[in-house]
């Protein structure tokens with residue numbers, strides 16, 4: 001037996017993989033080979049040549065030939081070799097380096113495979129092989145995906161570093177230009193000061209020269225008149241005075257030069273101080289601008305939240321008053337004078353309530369609760385939506401929809417058996433009083449809302465144009481606010497602020513020749529505002545889901561947004577997936593942006609519309625909203641048609657039951 005086979009056989013005997021075979025491991029192997037218990041200690045001592053209490057590989061290889069006949073270790077080695085060869089053959093059937101993909105689990109899996117192979121269970125062996133193949137394939141796919149993500153991250157870091165380098169270079173150029181300009185100005189001022197001092201000094205020298213010439217002439221004239229001795233004495237005195245005056249002038253000149261040097265040093269200090277103060281002023285100005293912008297943003301959102309809180313309080317008061325009035329009217333209906341009439345009343349529509357009659361106060365309270373939940377979910381909590389759509393959902397006292405909704409939920413008519421007992425005029429008076437009480441309670445509740453309508457809004461509500469709610473969704477930075485600004489005002493701003501909470505706009509469009517009002521809600525894309533976005537998805541008719549074509553992360557998060565939308569809505573609503581910022585694709589390297597093919601495949605998977613747009617250039621902005629509005633219009637019409645069919649079938653079923661059973 002060669003060295004490799006001996007090494008493999010020694011590893012099989014080494015149960016704990018410690019590199020040496022102890023007595024317990026040797027005993028286990030001997031029992032598997034049916035060696036008598038009396039001979040185990042003798043055989044172990046033959047292997048343990050150095051007597052240290054365990055068998056290393058040198059002892060094992062030296063004494064193997066001597067005790068191989070007793071232990072039959074060769075047959076054990078051949079068996080292990082065949083099992084190892086089976087694992088190697090299976091490993092060759094897999095693509096790539098299996099040990100590289102399995103890592104530290106390779107040894108355990110190979111031993112498990114050898115154990116299963118030794119049992120000759122083909123079904124279990126096939127299942128284990130399929131499991132290993134699937135595991136290797138999945139690990140390979142994960143590694144490829146990790147490499148792709150690392151490549152994307154590396155590209156993003158390179159782009160960011162290049163942009164930072166360009167910004168630093170521009171800033172450095174601006175600083176150099178500013179420093180050069182300041183130096184030139186200060187040098188010009190210094191040259192002017194030195195020139196003025198030189199002119200002054202030259203004038204003083206000219207005056208001195210004139211004085212010397214005048215004194216020289218006087219001396220010559222006096223020398224002619226006086227004796228030579230007196231002339232010489234006077235001349236010496238004059239020369240001495242002139243020399244003293246010349247020394248004084250020189251001293252004053254040196255002092256002036258020293259003053260100029262001191263002024264130059266002070267000027268340099270003032271320059272440095274001016275530069276530092278200018279930088280400090282710029283930093284403080286930037287901080288102040290940021291603080292002002294944050295203050296304005298927080299103030300606007302605080303006002304919005306206060307208005308929303310006020311609306312919720314007013315809505316709560318209205319619901320309480322409506323509940324109390326309904327309880328009072330129920331008690332009046334249960335009085336002995338009207339005992340015959342309520343006993344035979346039945347509801348006109350029961351789509352929003354259970355199908356029992358109004359025979360007790362508990363059913364009435366349940367109906368009022370359903371009515372409250374319906375109107376709280378219809379958008380009353382948002383003040384801006386009330387102001388914009390005051391003529392549709394919650395209008396003034398003359399609103400047809402408000403009265404009709406309350407009438408369908410609460411109005412009562414006599415049953416068929418009651419027609420013969422009660423006069424029609426009395427029934428009509430009772431129905432009018434019931435509807436009037438509910439309508440008056442609704443009017444009192446709505447009067448608490450600060451609704452302000454001008455003449456144009458009243459005209460719009462009279463036209464009864466259909467209103468659809470569209471929600472803008474997507475990651476932060478995908479261009480939702482710019483998309484809404486381009487749609488509403490046909491403008492683009494590069495310095496638009498990040499949306500905090502929600503934003504709201506109304507767009508009037510002609511959809512298939514019909515005037516349509518679109519409420520478009522811009523939701524914030526940050527994680528902390530996801531709960532706010534879910535509440536708007538719940539009552540939306542359609543969703544504009546945006547992603548940035550230059551950002552793979554925003555595209556990958558589209559699936560998460562779709563799941564949130566489906567979790568928030570009771571049924572599937574129309575969606576339009578929009579790839580924004582296509583104008584930036586030409587400036588990016590090929591392959592770094594999300595292609596339109598991937599966007600189309602994703603939209604097909606979710607049965608949604610798809611287009612690519614540019615809020616900066618205005619490309620496909622109106623078209624995307626128009627197509628989604630058409631789908632929303634179709635969806636709403638189908639929903640109303642199915643709802644009317646369900647109500648009709650329920651009405652027929654009740655009529656059949658009443659005819660059969662006399663209810």
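Heads up, the Cβ atoms here are built off N, Cα and C, so glycines get one too.
In Swiss-Prot, the annotation region 'Disordered' applies to 324-343, one of the ranges 324-343, 344-363, 364-383. All protein chains included, residue 25 (Ca(2+) 1 binding site) registers 17 other Cβ atoms within 10 Å of its own Cβ. Same-chain residues lying 6+ beyond the ends of the domain 'EF-hand 2' (35-70) with a Cβ under 8 Å from its Cβ atoms: 1, 3, 6-7, 10, 13, 19-23, 26-27. For residue 580 (GTP binding site), applying a Cβ distance below 8 Å and a minimum sequence separation of six or more within one chain yields 474, 478, 479, 482, 483, 546, 547, 548, 549, 612, 613, 614, 615. Each of 20, 47, 49, 51, 53, 55, 56 belongs to the same chain as 48, 50, 52, 54, 59, is absent from that list, and has a C-beta within 8 angstroms of the C-beta centroid marking the Ca(2+) 2 site. Straight-line distance linking the Cα atoms of residue 48 (Ca(2+) 2 binding site) and residue 18 (Ca(2+) 1 binding site), rounded to a whole number, equals 16 Å.
Across the domain 'EF-hand 2' (35-70), DSSP classifies residues as 25 helix, 1 strand, 10 coil. Look at the Cβ of each of the binding-site residues 582, 615 and count the other Cβ atoms within 10 Å; the largest number goes with 615.
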